[in-house]
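Read the structure below first, then the notes.
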Amino acid sequence: MEDKMVPGDLIFKDGIISLNLGRKAVRLNVTNRGDRPVQEELNNLCVNHSAIFQVGSHYHFIEVNPYLVFDRRRAYGMRLNIRAGTATRFEPGESKPVVLVSIGGNKVIRGGNGIVDGPVDYNNIETVMETIRIEGYGNTEDADASEGLTGEDSDFTTTVSPEAYANMYGPTTGDKIRLGDTNLYAEIEQDFAIYGDECVFGGGKVIRDGMGQSCGHLPDKSLDIVITNAVIIDYTGIFKADIGVKNGCIVGLGKAGNPDTMDGVSENMTIGINTEVIAGEGLIVTAGAIDCHVHFICPQLVHEAISSGITTLVGGGTGPAEGTRATTCTPAPSQMKMMLQSTDDFPLNFGFTGKGNGSKPEEIHEIIKAGAMGLKLHEDWGTTPAAIDSCLAVAELYDIQVNIHTDTLNESGFVEQTINAFKGRTIHTYHSEGAGGGHAPDIIKVCGVKNVLPSSTNPTRPYTSNTIDEHLDMLMVCHHLSKDIPEDVAFAESRIRAETIAAEDILHDTGAISIISSDSQAMGRIGEVICRTWQTAHKMKSQRGPLGPADSDNDNLRIKRYIAKYTINAAIANGIAEFVGSVEVGKLADLVLWKPSFFGAKPEMVIKGGEVTWANMGDANASIPTPEP
């Protein structure tokens, strides 16, 4: 870590933030006349003890405790003009002025003590005041009351510094977040919050009945889950929003809350009685990662994957058989059925690729019919031009992807012959850098072919001092080679080329290589897809400087480019971008929450299909969920 650089550090914009702008405001004097009879044990006497009141920001002020005395007529349709989720305290016997602002949205009062229970209608004010009189609520006309407009009258306007705002709700537009311990800074491009109307959950806070939580909306009209005030980092942008989830899918990105009391509540983002809350304040949300180069060797891969932030696995295999240790193929229809059934209980998305190495198409048809979402051509099964042509022809019929690991031996020809066999058809080239396999020494040429979707795997990410040293032994094991056979050793050594691995860094930074995946237990590490991606981005900024316009003082372009490598690009390459790969309305709510200081390394929570499936959790016998065992 560089000196004086704190992981997850925030850099705040200049200026101040004004709350509840453009609203009618009134200043009233409020007196606490509450006391409570308490039995004194010592002398068995009943005496009065003065009571303390706290009123939350979004509590309808006309509905507050009867022992608070103030001009309730002027408080009709109003709430406190303070930071959302905070409260004003009234000490025993204290009188003090408060500033109230009009509620927003449809201006409907629900809950509280039921004094109003309906729309704010000044034609109905006398009926409301009669209820207050009959019920004995403290009320007095305030001759010194004054009125104004927030934003125009400084005496009625509440402001907060960007730092204080971020401490409560997370950073906002113009603020920057350092991603983990990297040198990358993400700047918030847009914040959908209405300053002063942020949704905050907790005791005395906003998301309560009749306040930030609406009344009278059946479950089909309200969210199942809302993630509040989250910073979203996605290929679509870097912005702050509430995230609305319904039936396992993202249904809204914007401002959530109660449309009866809040301005700007986005469509489909009503918080109701049936809504669960996940507090996103101060956290970063990304789409669940997609690892599209998985050898399904052992079921423990699933736990390692989800704990790192991966929610979708694409690859092949049957377990720790030699074929699966080396290739991502599920060969037989019966094995495809077994793999589909055996993963049913895991809370991830799975896609399995069948073996495509066949110069005749009949068997390839059968594995697709059995459930293969794609096909894999691997040199260990013979990736010849004839097999390539046959496999791609079948894939075109079913509109599925072909993934290829090309011929390191150059047995049937060089890289040009393999490219010719593609015949302009789209193909996903694994190991486009060559260290994991493929035409030696120049498979990297495929990165310049327009119909090729190139990817690389994380053991070479990024190129550092020990990258080469660890690869030879890994390669010998994964591809069932023998150190006693000189040709096997020569085969392995031909694949591990420092020059192309170093070039791989640059090609990722320029966008020429689109995807980073794991190659799990077959040279790669499934739990390091995400962290190796950001290490590469960090290294490239150090070596090549900032990306984007010369006057830019953030790393947003580079951040969007790199997050796409394990989200939307991987989804597009495998034909699943309609469902996963980004934080967009209509897609599955496969989401990862990060503390900025641990971004890319250790998720705080993983959500799969709108359900919490993994999270940091303390001792189960602890009194709260955070203590370590």
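Heads up, the Cβ atoms here are built off N, Cα and C, so glycines get one too.
Features of the protein shown, as given by TrEMBL:
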ACT_SITE  HIS479  active site, proton donor
BINDING   HIS293, HIS295, LYS376, ASP519  Ni(2+) 1 binding site
BINDING   LYS376, HIS405, HIS431  Ni(2+) 2 binding site
BINDING   HIS378  substrate binding site
DOMAIN    288-629  domain 'Urease'
MOD_RES   LYS376  N6-carboxylysine
Task: Residues near ASP519 (Ni(2+) 1 binding site) in space but at least six apart in sequence (CB under 8 A) - done: HIS293, HIS295, TYR430, HIS431, GLY436, THR457, ASN458, PRO459
Open item on the list: Please report the distance from the Cα of LYS376 (Ni(2+) 1 binding site) to the Cα of HIS405 (Ni(2+) 2 binding site), rounded to the nearest angstrom.
Closed with: 8
- [ ] Starting from each candidate's C-beta and looking 10 angstroms out, tell me which of the binding-site residues HIS293, HIS295, LYS376, HIS378, HIS405 has the most other C-beta atoms.
- [x] HIS293
- [ ] Sorry to bug you, but what's the C-alpha spacing from the residue listed as 'substrate binding site' to HIS405 (Ni(2+) 2 binding site), rounded to the closest Å?
- [x] 5
- [ ] Measure the Cβ-based neighbour count of HIS431 (Ni(2+) 2 binding site), defined as the other Cβ atoms within 10 Å of its Cβ.
- [x] 29
TODO: Give the sequence-ordered set of same-chain residues, not counting LYS376, HIS405, HIS431, with Cβ within 8 Å of the centre of the Cβ atoms defining the Ni(2+) 2 site.
DONE: HIS293, THR327, THR328, LEU377, HIS378, GLU379, ASN403, ILE404, THR406, THR429, TYR430, GLY436, GLY437, GLY438
TODO: For the recorded Ni(2+) 1 site, whose residues are HIS293, HIS295, LYS376, ASP519, find every other residue on that chain with a C-beta no more than 8 angstroms from the centre of their C-beta atoms, and list them by sequence position.
DONE: VAL294, GLY315, GLY316, THR327, THR328, ASN403, HIS405, TYR430, THR457, SER517, SER518, SER520, ALA522, GLY524
- [ ] Check the domain 'Urease' (288-629) for me and report the mean pLDDT.
- [x] 93
